[in-house]
Every structure is written in structure tokens, then in C-alpha cells.
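**Student:** Provided herewith is a single structure, encoded as C-alpha cells, for subsequent inquiry.
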Amino acid sequence: MTDCLLRFFQLAVVYTCSRIVINIVQFYFILYVTDTLYFSKESIAYFPLILLITELFANTLIKNVRKILGNKWTFCVAALVVLQSCIWFQLQSQTAGKNFVFLSAIMMCSGSSVMLTTSLSMLTDLANKDKGSSEFIYSALGFLEKLFVGIIIIVIQSNYPCANNGGKCPECADYVRLFFTLTPAIVTIVALIMILFGFKTTVMISCINTGIVLIILGKVRQ
């Protein structure tokens with residue numbers, strides 16, 4: 001019982017962090033490209049479409065990746081992709097190489113989508129071990145996720161430099177760049193540390209015909 005409770009709290013942290021990354025991207029990415037990079041208003045239409053298509057492809061391919069790497073290492077790879085995109089967003093120039101933001105957006109969306117899908121898979125494995133507690137698990141995590149996302153958004157909005165954030169404001173542009181890159185980076189690092197040190201990895205070595213193949217299963221020991 002104690003092990004299950006510990007695993008629940010660990011997965012609660014991982015799932016909540018994954019949700020925070022997803023929500024920050026959904027809520028503030030358009031604000032980043034319009035207020036910080038000064039893209040035209042047409043970007044409000046085509047950037048969400050790019051994110052949606054990227055998420056669709058990521059969720060389609062993730063099943064095969066998880067079969068090879070397992071949940072733990074799939075999540076770790078996705079987290080590293082998100083961290084790399086955060087660095088690119090922070091260094092993104094308003095003039096030179098401005099269109100590289102498309103690549104950063106694809107990396108951020110695909111990485112965060114895989115993080116969320118993998119954490120949900122791990123939660124499903126935990127819930128299946130005790131089906132009587134599955135409703136509590138999903139309800140509690142849904143509440144925690146919404147609570148922390150709400151708190152973060154309140155903090156972001158309450159510290160906005162300008163009361164009226166319309167138009168081009170250098171302070172607002174820097175502020176959007178800061179929280180849009182720093183918030184996902186921090187919660188991703190927290191989730192990555194939890195996954196790396198809180199979950200075991202099963203490694204199997206097998207001989208197949210011509211040699212020895214190292215197969216990393218990366219399965220979470222519940």
C-alpha cells in the first residue's frame with residue numbers, strides 16, 4: 001500500500017508537470033509569436049493548425065516508440081526535446097532566423113504531447129493494479145492539475161508589466177519570452193528528475209543469431 005501511495009504521488013508530479021507544459025503552450029504560444037516575435041495577426045490562424053497537426057502525428061508515432069524504449073526513456077527523450085525547444089524560444093531573434101520558430105514549435109508540441117501521453121499510460125498501469133481506486137486516481141489528478149495550472153496562470157497574469165497588453169511593448173515582449181520559456185523548462189526538469197530517480201529500468205540482454213543485442217525495455221516497475 002505504501003509503495004502504491006508513493007508511486008501515486010510520483011506520477012501525480014509527472015502528470016501535473018506534463019499538463020502545465022501543454023497548457024502554457026496552448027494558452028501563450030500565440031502571445032509569444034505576436035507580442036515577442038512580432039508575427040502578423042494571420043499567425044493566430046495558422047500556428048494553432050501547425051500545433052494540432054504536430055500533436056496528431058506525435059500521438060500516432062508514440063505507440064511504436066514506447067514499444068522500443070518503454071515509458072521511462074520515451075518520457076526522458078520527450079522531456080529533452082521540450083527543454084531544447086525552450087532554449088530555442090529564449091534565444092529566438094525578432095529578425096534573423098525568425099522562421100526557425102516553426103521548428104521550435106514543432107519540437108515543443110511533439111515533446112509535450114509525448115510527455116502527456118506517456119504519463120497517462122503510466123497512470124493507466126497504476127490504476128489497473130487496483131481498479132477500485134481508479135476513479136479516485138483520475139479525479140484527484142484532474143483536480144491537482146487544474147489547481148496548479150490555475151495558480152500558475154494567475155501568477156503570470158498578475159505580474160504582467162502592462163495593464164493593457166495590446167500593441168508593441170518591449171517590457172511585455174521580454175516578459176512573455178521569459179515566462180513562456182522558463183515555466184515549461186522548470187516543470188519539465190522537475191518531471192524529468194522524478195522519472196529518472198523515481199522509476200526503475202529493466203534491461204535485458206539476449207543473444208540473437210550473430211551477436212548480442214541490448215534491448216532497453218524501460219518498463220516501470222509498479
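Placement of Cβ uses the backbone N, Cα and C atoms for every residue, glycine included.
Not my notes, these are from TrEMBL:
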type	residues	note
TRANSMEM	12-31	transmembrane segment
TRANSMEM	43-61	transmembrane segment
TRANSMEM	73-91	transmembrane segment
TRANSMEM	103-124	transmembrane segment
TRANSMEM	136-156	transmembrane segment
TRANSMEM	176-199	transmembrane segment
**Student:** Pairs of Cβ atoms less than 8 Å apart decide it: which stretch in 12-31, 43-61, 103-124, 136-156, 176-199 has the most with the transmembrane segment (73-91)?
**Tutor:** 103-124
**Student:** Quick one: do the transmembrane segment (43-61) and the transmembrane segment (136-156) have at least 3 Cβ pairs under 8 Å, skipping pairs fewer than 6 apart in sequence?
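**Tutor:** No, since the transmembrane segment (43-61) and the transmembrane segment (136-156) share fewer than 3 Cβ pairs closer than 8 Å, they do not count as touching.
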**Student:** Who are the chain neighbours of the transmembrane segment (176-199) in space, where the CB to CB distance is under 8 Å and they lie at least 6 residues beyond its ends?
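**Tutor:** For the transmembrane segment (176-199), the far contacts come to 10, 13-14, 16-18, 20-21, 24-25, 28-29, 31-32, 35-36, 71-72, 75-76, 79-80, 82-83, 86-87, 89-90, 92, 108, 112, 115, 119, 152, 156, 220-221.
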